[in-house]
């Protein structure tokens, strides 16, 4: 049975002090959250250590916002799997549309990151999705399938998460219709050929649309950006209801 993963990606937000304050407010709000789902936050690297101390022994799990494929070396600004494991990090986001856009990350690099994460016992959250231009040209499915096939090559689909994040819906206020998001997630499941693959939707997820999204048969969680920066908002998302 697929256990949903509700993950908040803080991106380049929150100092260590702000992260501690947030955590103190957030943890009581998820004390009664059902155990049929994972609740995850991906803080900036600088806040991971203090977050690890704050969430120890609670149900809140940590993710990194990236991970390198080497354990150490001359890779300025990168972070290795072994460094993350020191701080009780369980997940690692790879292939997010922002590194793809701003740093020209390739599917091959994303695949190396994902394989390295798995090799060290981390669960990669592999992001895929089309731009507005690709969607308008009718290329969305071809683009997403390429990202899935190349990004997941030689990985174990039972030990990763795929996040479908249409780029045109990230931080824009535009949301992919739940039925369309579900259709794409179903296609991804078919391309991978893994019925138990966890597939998230990401793109302007908020308290107002979480229940509809999570009622979809092929959506197994969400990757939340801006709405995860407010503890009450993210708690409402974590406490989604489908009935």
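Cβ from N, Cα, C; glycine included.
The annotation active site, electrophile is assigned in Swiss-Prot to 96 on the grounds of sequence analysis. Residue 96 (active site, electrophile) carries neither a helix nor a strand DSSP state and counts as coil.
Its Cβ placed at the centre, residue 165 (active site, proton acceptor) has 27 other Cβ atoms within 10 Å. Swiss-Prot lists 165 with the feature active site, proton acceptor, giving sequence analysis as the kind of evidence.
Residue environment of residue 171 (substrate binding site) contains 13 other Cβ atoms, counted within 10 Å of its Cβ in all protein chains. As annotated by Swiss-Prot, substrate binding site applies to 9, 10, 11, 171, 204, 225, 226.
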The one of 11, 96 whose CB sees the fewest other CB atoms within 10 Å, among these recorded positions: 11
Residues near residue 9 (substrate binding site) in space but at least six apart in sequence (CB under 8 A): 42, 63, 65, 93, 96, 202, 223, 224, 225, 228
In three-state DSSP terms, the structure that residue 226 (substrate binding site) belongs to: helix
Greatest inter-residue Cα distance in Å for the substrate-binding set 9, 10, 11, 171, 204, 225, 226: 14
